[in-house]
Amino acid sequence: GRLLGGLVGGSAESWVGSGSIGWGIGRVGAAHTAKVISWNGIASYGAIAIGAPLGVVMVEHLGMWSLGVSVIALATLGLLLARPKLAAPIVSGVRLPFLHVLGRVLPHGTGLALGSIGFGTIATFITLYYATNHWENAALCLSLFGASFIGARLMFGNMINRIGGFRVAITCLSVETLGLLLLWLAPDPHWALAGAALSGFGFSLVFPALGVEAVNLVPASSRGAAVGAYSLFIDLSLGITGPLVGAVAAGFGFTSIFLFAALAAFSGVLLSVYLYRQAKTARGE
C-alpha cells in the first residue's frame, strides 16, 4: 500500500511541478522563464521547509494518520485553487518528438541531476546523520536548507537574466559544493546547520539557471515538452539518491555521504563550465 501510494503520489507531484512551470511560462511569456521557475521552487521548497518540522510535531502529538489527512486536504485545496485559473494559450507550430527534446536538454538535465544529489542526501539522510552523531533537531537542518533556498531565490532570482544561466549555475553549484563539504566535516550541529544553509543557498538557482538555457534550445511550440523533459532529471536524481547514497554509506561509512554529494555537485560545476564554453563558441564569442 505504501509503495503504491508513493508511486502514485510521486508521479502526480512530478506532473504538478512541470505543469505549473509550463502554465506559468505560457501565461507571462518566455522572457520570464527564470522568474516562473524560481517562484515555483519557492512554493515547493517553502512547503518542504515548513512541512518537515510541522510533520514531526503532528506525528508526535496526533499520530501518523494526521499526515495523511493533511496531505489529502492540502491537495484538494490546491485543486480547487487551480481549476478556475485561465489556461495558457496554445502555441502553434511543429512540435518536436519528445525523445528529440529529451536529447537536447540532456546535458543541462545532467547538471541539474548532479546538483540535486546534495538535496536528496540531506532530505533522506540528515535524520540518520544526526542520530549517528548523537545530535538533536535534525528537522531544523532541512528547514534551514529550505529557508536559505527561498532567500537566495528572492534576493538573486534576477541574476539569471542579467548574467546568464550558465554563470549562475557555475556559481551556485560551487557554493553548494562548499556547503556539502562543510556538512561532511562538521564537528558539531552548529556547523552542520551552516553547511545545510550554504547547500540550500547554492542549490537554489541551479534549476532555473540551467532550465532557462535548456528551454532556449527548443522552439516555443515545444517549450512544455522541454520543461517536462528537463524536470525529469531532478525526479530521477531524487529517486536514485536514496539507494545510491545508501550504498556509499555501507561501503565507505556514513560520514562519507556528504563528500559523495559534494563530488557530484562539483561534477555539475565542471559540466556547466563545459556547456558555457560550448554556448559561447556557438555564438561566435
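Note that Cβ sites are derived from N, Cα and C of the backbone, with glycine treated the same way.
As written in TrEMBL, here are the features:
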- 36-56: transmembrane segment (TRANSMEM)
- 62-82: transmembrane segment (TRANSMEM)
- 71-285: domain 'Major facilitator superfamily (MFS) profile' (DOMAIN)
- 112-131: transmembrane segment (TRANSMEM)
- 137-156: transmembrane segment (TRANSMEM)
- 168-186: transmembrane segment (TRANSMEM)
- 192-215: transmembrane segment (TRANSMEM)
- 227-251: transmembrane segment (TRANSMEM)
- 257-276: transmembrane segment (TRANSMEM)
Query - Outside the transmembrane segment (112-131), six or more residues from its ends: residues with CB under 8 Å to it - result: 48, 137-139, 141-142, 145, 172-173, 176, 179-180, 183, 189, 192, 196, 199-200, 203, 206-207, 210-211, 230, 233-234, 236-238, 241-242, 244-245, 249, 254-255, 257-258, 260-262, 264-265, 267-268, 271
**Report entry** Range from 62-82, 137-156, 192-215, 227-251, 257-276 with the greatest count of C-beta pairs under 8 A to the transmembrane segment (36-56)
**Finding:** 137-156
**Report entry** Contact between the transmembrane segment (192-215) and the transmembrane segment (62-82) (3 or more Cβ pairs under 8 Å, separation 6+)
**Finding:** no
Requested in this report: Determine the mean pLDDT over the domain 'Major facilitator superfamily (MFS) profile' (71-285), rounding to the nearest whole number.
Outcome: 89
Query raised in the report: Cβ pairs under 8 Å with the transmembrane segment (257-276): which stretch of 62-82, 137-156, 168-186 has the most?
Result: 168-186
